Amino acid sequence: MATALPRTLGELQLYRILQKANLLSYFDAFIQQGGDDVQQLCEAGEEEFLEIMALVGMASKPLHVRRLQKALRDWVTNPGLFNQPLTSLPVSSIPIYKLPEGSPTWLGISCNSYERSSSAREPHLKVPKCAATTCVQSLGQGKSEVGSLALQSVSESRLWQGHHTTESEHSLSPADLGSPASPKESSEALDAAAALSVAECVERMAPTLPKSDLNEVKELLKNNKKLAKMIGHIFEMSDEDPHKEEEIRKYSAIYGRFDSKRKDGKHLTLHELTVNEAAAQLCVKDNALLTRRDELFALARQVSREVTYKYTYRTTRLKCGERDELSPKRIKMEDGFPDFQESVPTLFQQARAKSEELAGLSSQAEKGMAKQMELLCAQAGYERLQQERRLMAGLYRQSSGEQSPDGGLPSDGSDGQGERPLNLRIPSVQNRQPHHFVVDGELSRLYSNEVKSHSSESLGILKDYPHSAFTLEKKVIKTEPEDSR
C-alpha cells in the first residue's frame, strides 16, 4: 500500500523519524489517529506511550517499538540527523501540500527569501537548508549555496530529499510565510488563505449575532474592576485606532493567551490557531464579546469547524489542479438532526421487510409440519386398516365354516327332529340369527369412526351372507298341505 506524503511540518517530522527507524508502514496509522506531534511522543509517559502504540497497531511488535524509541531519542539528542532543526516552528500550522510538485519555492517563499537579512523586526523561525537544484542555480556562483525544501517528482521516489550546503541557517519571519498581521509577541499565526476563510465565515455569521447594549457593557465593567482594568481601555479606543485590533487580538485569544500557564515550547495546533483567529474577528465585529468569553468560545469553535474542513479540502484539491470545487460532504449542523430524520423511514421500511420475511418463513415451517403430521397419520391409518382387514378375513372364514353344509350346522337328528318336516326346521335356523347380529354389534364397537368407510364392505359381506342363505332355503322349501283327515 502506498504511503501518503506528509502535508504539514509535524507530519514531515514524523515521516523523517519513521523513515529513520524503517517504520514508514505505520505513517498512515499515525496520521489517522492524529499523531502528527512528535513532541507528544517524546514527552508521553509509559502508559500513554503504550496506548499510542496500541492505537497504531505497533503494540504487538515490541521490536518495532524499540526501533521507534531509539529514533525518538536520536531526534531529541541530535535533530540534525533528520535534517529537521525545527524546534521553534509551529508543528501543525503550516501546510506543505500547497506547494505544486517540482516548484522551486516552499510555502510561497522564493529562493531570494532565504538571502534576507536576519535583522528583521519580527521573531524569526529557523528552517532547514535542504536545497533544491533550481534554487541553487538561480543564486549564482558568488553567493553562498542555500537550499529550500521541495518535493520530488511522482516518477521518482516519494521520499522527501534535500542536501545541506552550509552549516549556517537563515531565518524566516512570519511575514515571509504570508501570515496576516498579528501581535508582535506571538510568532504563531494562520496563513493568509486560512485567515481569509475565517473572515468570510465571520462576515456571514455577523448579521445573526444579537446586538450588544453598550450601556450594559459599561455597567458590567463598572461592577467588575478587574475586568475593567484589563479590557476597559479597548472600549475607549476609536475604530480608526491602529492599536485597537492588536489589543483585541491580545485579550480575545482562547488558547495560548499571554496570561495562560502554557508550557514553554508548546506550540499551538492548527485548530487552536483557527479558534483564536475566529475569536479575534468576532470581537472586532462586536467588542462586547470580550466580556462574554463563554459565548465567544462557542462561536469561535463553530467558525473553526466550518473553516478547517473547507480550507483543508480546498487546498488539497488545489494540489490536484481542481480549483473552486465545492465540498462534497455535508457540514455538521448545529440546529437539528436532518440525517437522523431521513434515516427513520428507511429503517422502518427495512424492519417491515424483515418482518414480512420472518412471517413467510414461519408459514412455510407450519406447512411443512402439517404435511409431516398428515403423512404420519396416513401411515398409522394404513397400518390400522391392514389389521382390520386381517381380522375381518378371519371372522369371515369362521362364519363361512359354520354355515357350510358339510359340518357347519348341527344335524337335525341330534335334536330329535329327524322326523319333522322341513317347514318345522325353519325356526331352528332362524334362531341362529341373533348370534350373527351380536357379532356385528361387537365388531362395530371394536373400530373407531375413522375406518368405518373401509370396514363397511367386509361387514356388509358378513351381514348379507345369512340373509342370502335364508332366501335360498325359502325358495327350495315347499310346504305340504295339511292332511285333511
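Here the Cβ of each residue, glycine as well, is placed from N, Cα and C on the backbone.
Taken from Swiss-Prot, the feature region 'NCD1' covers 4-82. Taking H, G and I as helix, E and B as strand and the rest as coil, DSSP gives the region 'NCD1' (4-82) the counts 57 helix, 1 strand, 21 coil.
Positions annotated as SUMO2 cross-link by Swiss-Prot, on the basis of similarity to another entry: Lys126 (among others).
The SUMO2 cross-link annotation in Swiss-Prot covers Lys129 (among others) and is backed by similarity to another entry.
Annotated SUMO2 cross-link per Swiss-Prot: Lys143 (among others), in sequence order.
For 160-188 (among others), the entry in Swiss-Prot reads region 'Disordered'.
Feature annotation from Swiss-Prot assigns phosphoserine to Ser171 (among others).
Under the heading phosphoserine, Swiss-Prot lists Ser182 (among others).
Spatially close to Lys211 (SUMO2 cross-link) yet at least six residues away along the chain is no residue at all, judged by Cβ distances under 8 angstroms. The SUMO2 cross-link annotation in Swiss-Prot covers Lys211 (among others) and is backed by similarity to another entry.
The region 'NCD2' annotation in Swiss-Prot covers 220-309. Note on the region 'NCD2' (220-309): mean pLDDT across this stretch is 82.
Here Swiss-Prot flags Ser327 (among others) as phosphoserine, drawing on similarity to another entry.
According to Swiss-Prot, the SUMO1 cross-link annotation covers Lys332 (among others), on the basis of similarity to another entry.
What Swiss-Prot lists as SUMO2 cross-link is Lys332 (among others).
Under the DSSP three-state reduction, Lys354 (SUMO2 cross-link) is assigned to helix. Around Lys354 (SUMO2 cross-link), a 10 Å sphere centred on its CB holds 10 further CB atoms from the protein chains shown. Under the heading SUMO2 cross-link, Swiss-Prot lists Lys354 (among others), citing similarity to another entry as support.
As annotated by Swiss-Prot, SUMO2 cross-link applies to Lys367 (among others). Secondary structure from DSSP puts Lys367 (SUMO2 cross-link) in a helix.
Over all protein chains present, the Cβ of Lys371 (SUMO2 cross-link) has 10 other Cβ atoms lying within 10 Å. Under the heading SUMO2 cross-link, Swiss-Prot lists Lys371 (among others).
Annotation source Swiss-Prot lists region 'Necessary for nuclear localization' at 391-422.
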> Rounded to the nearest angstrom, how far is the Cα of Lys354 (SUMO2 cross-link) from the Cα of Lys371 (SUMO2 cross-link)?
Replying inline: 26
> What does DSSP give as the helix, strand and coil breakdown of the region 'NCD2' (220-309)?
Replying inline: 65 helix, 0 strand, 25 coil
> Hey, how far is Lys367 (SUMO2 cross-link) from Lys354 (SUMO2 cross-link), Cα to Cα, in Å?
Replying inline: 20
> Hey, does DSSP put Lys211 (SUMO2 cross-link) in a helix, a strand, or just coil?
Replying inline: coil
